[in-house]
Amino acid sequence: MNSREEVISPYNEDEEIVRPLVDQSGDPSDASTRDIVVDTTGCMSSPLCHPSYPLHRYFVLVFMCFLGFGSYFCYDGPGALQKEITEDMGSYFCYDGPGALQKEITEDMGIATEQFSQLYAWYSWPNVILCFFGGFLIDRLFGIRLGAIIFSVFILIGQVVLALGAFFNHFWLMNFGRFIFGIGGESLAVTQNTYAVSWFKNKEINMVFGLQLSFARVGSTVNFNVIAPVYYAVAKYMIGSRGNATLGITLLMAATTCVFSLLCAFILAFYDKRAERILKRSAAQTGDVVRMTDVKDFKISFWLISLICVTYYVAIFPFTALGGKYKFSHYEANGVDSIIYIISAVLSPFLGILVDLTGRNIAWVFISAIITLLSHSILAFTFINPWFAMVLMGIGYSILACALWPMVAFIISEHQLGTAYGVMQSVQNLGLACIVLAAGAIVDLKGYIVLEVFFLMWICCKFSLLLS
């Protein structure tokens with residue numbers, strides 16, 4: 001018997017019984033696993049049109065992947081324009097490593113590194129709480145479709161406010177824009193994960209998470225390589241000189257990617273509603289009521305996964321000061337830093353498939369820790385060209401994202417997944433918000449070597465959590 005069962009109905013030669021490919025709950029009584037009467041005339045006869053076919057689900061996956069593109073592109077905007085912002089309006093502690101244009105940003109905005117770091121803090125601190133409530137709202141109030149649209153709107157508004165703050169030289173307004181952006185950014189990632197688990201299950205889920213990571217990293221990579229040339233093009237051909245107005249227009253142009261993500265949210269809502277109608281599945285598939293108190297019932301394995309996530313990501317995202325050790329220019333340091341994202345964008349789908357085939361997620365997470373430990377050791381204790389170490393780090397990062405995040409779906413009930421992913425994002429933001437500030441202080445006071453030892457310590461913590 002093929003994975004897709006087809007039985008021709010004796011009552012109507014134009015209809016067939018289709019058993020959906022994705023068993024959402026494993027319960028034969030669930031609506032998603034019952035025989036569905038489907039009209040096979042017209043578009044419904046095409047594998048691209050019917051939601052029970054893999055081809056249709058992969059088509060929808062494209063929009064899932066692009067849902068967070070604008071968020072990742074604009075999130076890294078201050079980092080890629082670090083030089084311009086710190087010169088125009090202040091210095092920003094780049095979330096993803098050394099800023100490509102730190103000198104230009106400081107000259108344009110005239111602010112210090114401490115002020116620049118506020119742009120990151122105003123994004124991260126609210127999400128310690130907002131991610132949790134975002135997941136709860138997805139499960140209990142908005143639903144995944146409306147939630148994705150609402151959070152996409154927050155991202156767009158936040159980016160526009162950020163651009164206006166730069167244009168009118170009001171740094172407080174830029175901070176407010178980042179706060180609004182943060183409300184939508186992390187919660188949108190929760191909706192993206194929930195969409196993935198809703199449409200894909202079991203043997204496909206790791207591959208899907210890998211693809212989503214790949215497209216997200218494409219957003220970061222494109223930003224690092226495009227936004228700075230756009231800034232200088234605006235300065236040359238539109239404004240005539242550098243300054244806060246040039247920075248504001250550049251950030252406003254970046255907001256077009258948020259419009260694209262909002263469009264993807266509407267398209268996903270349409271196809272998800274359509275699949276719900278065709279497959280005769282209700283919006284609340286399990287019938288269970290989500291409560292805030294559900295968090296206390298999460299298994300210890302979930303909390304271990306969350307801590308592993310934090311201990312790994314704090315050794316990746318607050319990765320700074322390459323230019324200090326290797327005497328790189330801002331452009332060279334930015335190029336080296338983007339290697340992590342380029343490797344991730346290319347390898348994540350294939351690594352996701354590999355994890356799916358082997359099914360040993362914990363082993364792959366362990367391998368990612370070994371690779372990342374080796375990478376940081378090379379950067380800390382040798383003067384080998386950093387490109388090699390960054391390639392290793394990109395591989396380790398890709399493996400972890402493909403193997404770790406899908407594990408939540410294996411241990412948490414489906415109706416609680418939005419809340420679970422929200423809690424996981426909250427824990428991650430709390431750790432990153434604290435560690436990135438500590439990393440900045442270590443660089444200023446002790447230098448690069450001590451910072452790398454600090455990162456190595458967190459990777460070792462990840463090993464201890466894995467062994468537990």
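Just so you know, the numbers here start at 1 and follow the chain as drawn.
The backbone N, Cα and C atoms fix where each Cβ goes, and this holds for glycine too.
Feature annotation from TrEMBL assigns transmembrane segment to 55-75, 119-138, 144-168, 208-234, 246-271, 300-319, 339-355, 362-381, 387-412, 419-442, 448-467.
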Range from 55-75, 246-271, 300-319, 387-412 with the greatest count of C-beta pairs under 8 A to the transmembrane segment (144-168): 246-271
Cβ contacts under 8 Å made by the transmembrane segment (119-138) with residues that lie 6+ beyond its boundaries: 75, 78, 85, 92-93, 95, 144, 147, 151, 174-176, 178-179, 181-183, 185-187, 190-191, 194, 290, 292, 295, 418-426, 429-430, 432-433, 436-437
Same-chain residues at least 6 beyond the ends of the transmembrane segment (246-271) whose Cβ lies under 8 Å from its Cβ atoms: 51, 60, 63-64, 66-71, 73-74, 77, 81, 84-85, 88-89, 105, 108-109, 145-146, 148-149, 152-153, 155-156, 159-160, 162-168, 188, 195, 219, 223, 227, 230-231, 234-235, 238-239
Segment-segment contact (the transmembrane segment (419-442); the transmembrane segment (208-234)) at 3 or more Cβ pairs under 8 Å: no
Interface present between the transmembrane segment (300-319) and the transmembrane segment (387-412) (three or more C-beta pairs under 8 A): yes
Stretch among 208-234, 300-319, 362-381 sharing the most Cβ pairs under 8 Å with the transmembrane segment (339-355): 208-234
Cβ-Cβ under 8 Å with the transmembrane segment (55-75): same-chain residues at least 6 beyond its ends: 21-22, 47-49, 95, 123, 148, 152, 155-156, 159, 181, 184-185, 188-189, 191-192, 195-196, 199-200, 208, 211-212, 214-220, 222-223, 251, 254-255, 257-262, 264-265, 267-268, 271-272, 275
